Every structure is written in structure tokens, then in C-alpha cells.
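Everything below concerns the one structure shown next.
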Amino acid sequence: MRTRLSLPTAVLSSVLSSVLSSVSAPVTAAVSAAVALAVLTGCAGELATDTAALAPHTETPPSEQDKNWLRTIHQGNLAEVQEGRLAQGKGTTKEVKSIGKMLVDDHTALDTKVTKAATQLGVQLPTSPTAEQRAEMVRLQDATGKDFDLDFVAGMIKAHTAALAATKKEISGGASPAVVALAKSTAPKLQEHLTVLRKAHSKE
């Protein structure tokens, strides 16, 4: 077995200088050219490696399903934040008020992620909830007392059931890895909300 010796650059340079000084000029020139070629080859290799490392990673363009999911969840977030605030102010029980706060906090955080993903992928999002969601908001604004609690919880169960179904569809059939990953992280939170809402509904 051969043992490979590794000498410091300074020592190698000194030895090379001594060798070059003891040989003829043509040989010296040839050796110098060989050394220069080796150095340039090494630099070129390093440059190619650096260039490859800096090359941008291309993201799979979002499909229509990806875009629709981002828009659907965004509009749901807008509606549920607004309705959550209503519940904090109009709810008649601590549980309903607590659910309202949960919705405001969680859907605000979720929408930050949705908006960021949409911006990065060039997907334009709606600026307001759907017409149906706006109509539901008006209905809740007019409701009072126990009726408000009942309508709010029932409406949120319906909304979260639809959002969870859309999210599962995105997970199984989405094209963009970024959007699918976001859907996967969203599903558990929607399921958690549904569990809390159904528990509250069973007490009414």
C-alpha cells in the first residue's frame, strides 16, 4: 500500500523553485507552463462548481387547482377572521368568545403563509370574501344573544368542512410542491378547529 504524502504549499513552492533554477531555460519554461495550466484548470473547476451551486432552483408552476386552493383558503381566512372578531364581541359564552379568538389568531397566521406563497408564485388573490361569505357576515351582524352563538358555530362548522375537503383535494392532486406542502401543514389546523366547533355545537 502506498502512503500519500501531503506537503504544505510553501514547501512545494520552495522545492519547485530549486528544481527550476537547476535546469535549462527551455525545460524551465515547459514546467512553468504545465504548472500554470494545472492552476487554471483547478480554478475553472472551482468556478464551474460555484456556478452550479448558484444556479436558481426552478419551482413547478402552479396549476389551476393550486391557484384555486390558494384563493379559496385566502377568502376563507378573510371571512373567518372577521367572523371571529364578531364572536369575540357578540358571543354570549366564554367558549364562543374563545373560539372567536382562536379563529382570528390562527387564520391570520395562516393567511400570512398563503399570501406569501401566492406572491412568490405570481398568483393574484381576491381582496375580499366571496358574496356568500359576505352575506353570512351580514346575517351574523343582525343576530343577537343565543341565536348568534348558534348561527356562528353552525356557520363555522360548514366553512371548515368545505375548507378541509378542498385542502385534502389539493394534497392529493396539487402540482406545485410549495402549495401542496402548505396544504399539508394547513389540514391539521382546520381539523383542530372542526373538533373544537363540533364540541361546542354538541353543548347547544
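Backbone N, Cα and C define each Cβ position, glycine as well.
Pulled from TrEMBL:
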| type | residues | note |
| --- | --- | --- |
| DOMAIN | 65-196 | domain 'DUF4142' |
| SIGNAL | 1-29 | signal peptide |
> Tally of helix, strand and coil residues over the domain 'DUF4142' (65-196) according to DSSP?
Replying inline: 115 helix, 0 strand, 17 coil
>> Just to confirm my parser: what is the rounded mean pLDDT across the domain 'DUF4142' (65-196)?
In response: 98
